[in-house]
Amino acid sequence: MDFKELCEQTAQKFFDLQSKEEEIRKIATVIFNTLKNGNKLLILGNGGSAADAQHMAAELVGRFLKERKALSAIALTTDTSILTSISNDYSFDVIFERQIEALGKNKDVVFGISTSGNSENVYLGLKKAGQLGLTTIGLLGKNGGKIKDIAEISLIVDSDYTPTIQELHIFIIHNICKIIEDLWTK
Ligand SMILES: O=C(CO)[C@@H](O)[C@H](O)[C@H](O)[C@H](O)COP(=O)(O)O
Ligand SMILES: [Zn+2]
């Protein structure tokens, strides 16, 4: 695909997202209620999705567009000592599972980001979260992969092209943060 076709494809996918407004609103409301009740959000993903996880945590702990209280969100992608020790001593597949076991409390929400829907560490993280009674959300791509089968709520960007999926993921994350902030300051 050339540049023009890529632009058109991505623009069309953004347009299609309008039909997912209700799903986005539902996810934002679940996270808002979790934070309002004094519980927290744990976010995970690999590569570009790790960057998205950190970006989302920054919007909530810092601020998005409005002044309000700091909100409890942690990206489980940032502590290199934890990530290297778990990978070295156990396996890279359990880097999120182990952190969720350590930090997850009942009524927290775990938000897993995966463009393929098949990253083993995100899958095992959400699986552990479900076993511990946490709420699980998957922000996914392609056909949702195996993560869609275990996440309580899945939002799937309907594309096979990873860059486009990631571009829409961060757009969705910004809008989730916007809805949470609007509800908070209402
Ligand atoms: O940003 C990109 C590709 O655009 C890559 O870093 C990409 O995130 C990595 O290959 C990830 O490991 C892919 O994992 P996932 O999205 O399939 O869960
Ligand atoms: Zn990328």
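We number each residue from 1, going along the chain as drawn.
Cβ from N, Cα, C; glycine included.
Since this is a predicted model, take the numbers as computed values, not measurements.
TrEMBL has this to say about the protein:
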| type | residues | note |
| --- | --- | --- |
| DOMAIN | 31-186 | domain 'SIS' |
| BINDING | Asn46, Gly47, Gly48, Glu59, Asn88, Asp89, Ser114, Thr115, Ser116, Ser119, Gln166 | substrate binding site |
| BINDING | His55, Glu59, Gln166, His174 | Zn(2+) binding site |
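The structure, with features from TrEMBL marked on it.
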{"residue": "Asn46", "record": "substrate binding site", "DSSP class": "coil"}
{"residue": "His55", "record": "Zn(2+) binding site", "DSSP class": "helix"}
{"residue": "Asn88", "record": "substrate binding site", "DSSP class": "helix"}
{"residue": "Ser114", "record": "substrate binding site", "DSSP class": "strand"}
{"residue": "Gln166", "record": "substrate binding site", "DSSP class": "helix"}
{"residue": "His174", "record": "Zn(2+) binding site", "DSSP class": "helix"}
Which binding-site residues out of Asn46, His55, Glu59, Ser116, His174 lie by ligand 1, going by a Cβ under 6 Å?
Asn46, Ser116
Can you tell me the CA-to-CA distance separating Asn46 (substrate binding site) and His174 (Zn(2+) binding site), as a whole number of Å?
18
Between the Cα atoms of Glu59 (Zn(2+) binding site) and Ser114 (substrate binding site), what distance do you get, rounded to the nearest Å?
19
Stretch-averaged pLDDT - the domain 'SIS' (31-186):
98
Inter-residue Cα distance where the pair is His174 (Zn(2+) binding site) and Ser116 (substrate binding site), in Å:
20
Counting only residues 6+ apart in the same chain, whose Cβ is under 8 Å from the Cβ of His174 (Zn(2+) binding site)?
Glu59, Phe64
Sequence gap of 6 or more, Cβ distance under 8 Å: name the residues on the same chain that satisfy this around Ser114 (substrate binding site), in order along the sequence.
Gly45, Asn46, Ser49, Val122, Tyr123, Gly138, Leu139, Leu140, Gly141, Gly145, Ile147
